[in-house]
């Protein structure tokens, strides 16, 4: 029998990638192409949607050619994508009306403030699980309607379509036959009712967005059409799985039960915890989001972001010059048994969940004459683990379920000193997978399950960790260290706020 493959399309913020998986979920090949970033004004970030489409098809053809795989040997395609990034295009010509507005773009912050002033915060929170923020798609759509000449009129006449990047890719792969998205991506638009599983008419009216723009929403694992015969040499390949990047990573890490969580240690951290088949309401400023829809079920997650994670290690390297490479942090941190009472609070851009203090600033506490660079390096690594515990504890309270295990990915997950301290601090196992491509793997699993290659039980069985870090710290020691962290955070908070007739700030 000929080998059959699953193709994962990973449409990210900085690149388009195509990853070929075999039936054992092993990577056969990867192709990647960087994307141009456009910054037309400070705080604005755009992509050329046509460049994304061209780059995505280019890497698909490259990975197939390099590895001698015929399109007909593809069992299915799965798609994962940068979330929230917004494009509007003409349904007849397929041409975008403007560059795509990227998730990081802040141009709609004033519009968000006006929505808050209109008293919409509670409605948005209760309906979508999100907070009003420029991050999400809704205000990006409204900006395009209001600021690109002729777009509002064309939208109201039904000539235009909206999509996040998954929708844009499927529409092009099917030559306009399918205008669809999945539950996970829809839940990031700030327009989707995550309880009723429908676009919310009240929010569409409040934002003055025509309903005709929006795609059909389908379960994450299922049918999203087939590729048009002209796309891949006559082959019609089922597009069978879609999930936003962070939800795809949660699936790729097989976090299928409430209380299972994944943390991606990148420049910042993205933490998601599976919270069950009912949405958990957060009292800590975490986001409630749809994890995925599969087998007639919808499952939910809580999401929290840490602003500064790997960026703190880069700071040690680039600004303080304490280390020559990020990898050196493990070597120096491992030369001391602990941080020697030192705490680094990397609040360079304020603090996110659960503190939400934009006036907090970075600080180092507990310095003595005996403090060496090894202690400061160790304390900086420890800060990633402390911030993760802050968010995980908030998730446990909000979801009403304790953490079962933390599965990790991203660059800093390779740091053994950090991973052991993370396990010690949380008091649960930290599991690191052998495949670091967990986002693409999640998309491949969703597609493979839809076409009958795997089931969720098989996926759970396949995701044996490469290494498990077991907690070995005494409870008293864990509590003592964490109390010190909380004290350090309290003293970092509110640093930049005006007080006593002047501005409290560091030079």
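Any Cβ shown, glycine's included, is placed from N, Cα and C.
What Swiss-Prot records for the glycerol site is 83, 84, 245, 246, and among 38, 39, 135, 192 the residue it adds there is 135. Per Swiss-Prot, the ADP site holds 13, 17, 310, 411, 415; the candidate it also names there, chosen from 264, 267, 368, 371, is 267. The Cβ of residue 15 (ATP binding site) has 15 neighbouring Cβ atoms from other residues within 10 Å, across all protein chains displayed. Sequence-ordered, the extra residues of this chain that approach the glycerol site, with Cβ no more than 8 Å from the Cβ center of 83, 84, 135, 245, 246, are 82, 85, 103, 188, 244. Under the DSSP three-state reduction, residue 13 (ADP binding site) is assigned to coil, being neither helix nor strand. Residue pair residue 17 (ADP binding site) / residue 245 (sn-glycerol 3-phosphate binding site) shows a Cα separation of 13 Å. Sequence-distant neighbours of residue 246 (glycerol binding site) (same chain, six or more apart, CB under 8 Å from its CB) are 83, 264, 270, 272, 303, 439, listed in sequence order. When the C-alpha distances from residue 14 (ATP binding site) to the binding-site residues 135, 245, 310, 415 are tabulated, the minimum falls on 245.
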